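Notes for the one structure printed next.
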Amino acid sequence: MKYIVMQDVFFVVLLLVLAVPLGIYMYKVMIGEKVFLSRVLEPVERFGYRLMGVSEVGMSAKRYAVSVLAFSAVGFVFVMAVLMLQGFLPLNPEGMKGLSFSLAFNTAASFVSNTNWQAYSGETALSYFSQSIGLTVQNFVSAATGIAVLFAVIRGFIWKKQKTVGNFWQDLFRVTLYILLPLSLVLALLLVSQGVVQSFADYSVVETLENGAKQLIPLGPAASQIAIKQLGTNGGGFFGANSAFPFENPSSFTNLIEMLAILLIPVALVVMFGRAVKDSKQGRAIMTAMMIVFVIGVVAITISEQFAGPHYQGVATSGSMEGKEVRFGVGGSSLFAASTTAASNGAVNAMHDSLTPLGGLVPMFFMQLGEVIFGGVGSGLYGMIGFIILTVFIAGLLVGRTPEYLGKKIEPYDMKMVCLLILVPPLLTLFGTAVAVMMPSVQASVSASGAHGFSEVLYAFTSMGNNNGSAFAGFAADTTFTNMVGAVMMLLARFIPLVAALYLAQNMAGKSSVAASSGTLSTKNGMFIGLLIGVVVLVGALSFLPALALGPIADFFTTFK
């Protein structure tokens, strides 16, 4: 246990050390200031703008949102076409056939929405072309879209009397060129150096040591996709077993760098936020709130998995190792599970369906908090800003003062947008789960009975409704109902809050700042951090406690039998 504690502390410290300079760098990218890569990348940037016909004219929230939706729609159609027609496309050495309409629809929605829910196994269903040209490209642009929208939201708080929130095409291009591509290149090369596969060769047939039997070894351009899958909080694995597969995550060292990659940009964006609003204490307050909840979750999962459960009381064990890789152990698996669900990533290095009931409850609850404990790149922070405004609003009601945040007064219109930001994911999750448990096809998809069977369904629709993408793998996801309903859920959960965030940003940008007074609520002290955590957890608890009581909580009490 001491080793696990040391590992977790080292991880958090290293994460913060890496995130601070990256956050400062991203702030410079956001405001268009020169960075150390400018000499190399500025000519590429100018050429890209000329090629796409991009002007630097600012956009209103409506125009920005239309640009995001149109761009995403084109990506959706392209990915769906590639998946359905892959049998006729190049780079298909294994002769993979096109996906069914419902599966292609679900997969396209999943990757466009930055969810990366996978109802297929990559090595048996997709060609190299589909993986690299279809899905990997979406991993880049969906992540860049989230960060671009966050840039717009931040401008809403730092600009005064403005009618625009920035230019989507410029933001998208700069995020991709200056942030995601360089980081992904470095990480991909690092992964390849550690043995992660990067090849366009045919699958290999090898003779095993057991009776000379033949075995097919899948290959492919995995490292390049894994790099952006982690950095962009996408999470979709090149192989079916995701980061539990040795070709994706071969050692404890690659496990460390993949976990760092999952949280690096979300944490750095908080640093960037503090820099952008000219008050680092604001960023530190948000970081502290996120980190407190994250650490509590890591501790809860680790203890639950290390001590396995009441039925192992008095038995000497090394923890619950079912569904875990020996090379990672309980500590590496628990930290990964917390990281991937706190950050809206969804990659896994262990089977979450095999976690103990309380161990599985924590990742599920992280998602149900709205993916704001770090959350997805961009979307996590603008979701947390929604919770901050809600917290300020509640505090203002308590003391009878007009609430304000960063010098901008909070008005009824702002609260309407915040409600859309906060309430859409839980409503989609609960409605989807309620409908799903009544469907015979979903009931047949569940591998377990009783409380754990319900947990499998709840986890699946929580994951899709909050753009995470991980799953309790005992749930057979490739059914027409789950594919179609899940796709609609993922798109709505992504784009309704995104559009609401943009309109919130424009309304804030149009206001002038008001000077802080003695009655202004401080949003950077310990009291506010506690209030913020309370509001985030309370909204999650009130929304999901009844469902959790029927699932993982009831499942936990069955272990006393």
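Cβ coordinates come from backbone N, Cα and C, glycine included.
Taken from Swiss-Prot, the feature transmembrane segment applies to 4-24, 65-85, 133-153, 177-197, 253-273, 285-305, 380-400, 417-437, 484-504, 528-548.
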Could you tell me whether the transmembrane segment (484-504) and the transmembrane segment (4-24) are in contact, taking contact to mean 3+ Cβ pairs under 8 Å with a sequence separation of 6 or more? no
CB contact flag for the transmembrane segment (285-305) and the transmembrane segment (528-548), at least three pairs under 8 A: yes
Which of 65-85, 133-153, 177-197, 380-400 shares the most C-beta pairs under 8 angstroms with the transmembrane segment (528-548)? 380-400
Any contact between the transmembrane segment (380-400) and the transmembrane segment (65-85), i.e. 3 or more CB pairs below 8 Å with pairs at least 6 residues apart? no
Outside the transmembrane segment (133-153), six or more residues from its ends: residues with CB under 8 Å to it: 30, 61, 64, 68, 71-72, 75, 78-79, 82-83, 91, 107, 111-114, 116, 126, 165-166, 168, 171-172, 175-176, 179-181, 184, 221, 224-225, 228-229, 231-234, 236, 265, 269, 376-379, 381-382, 385, 498, 501-502, 504-505
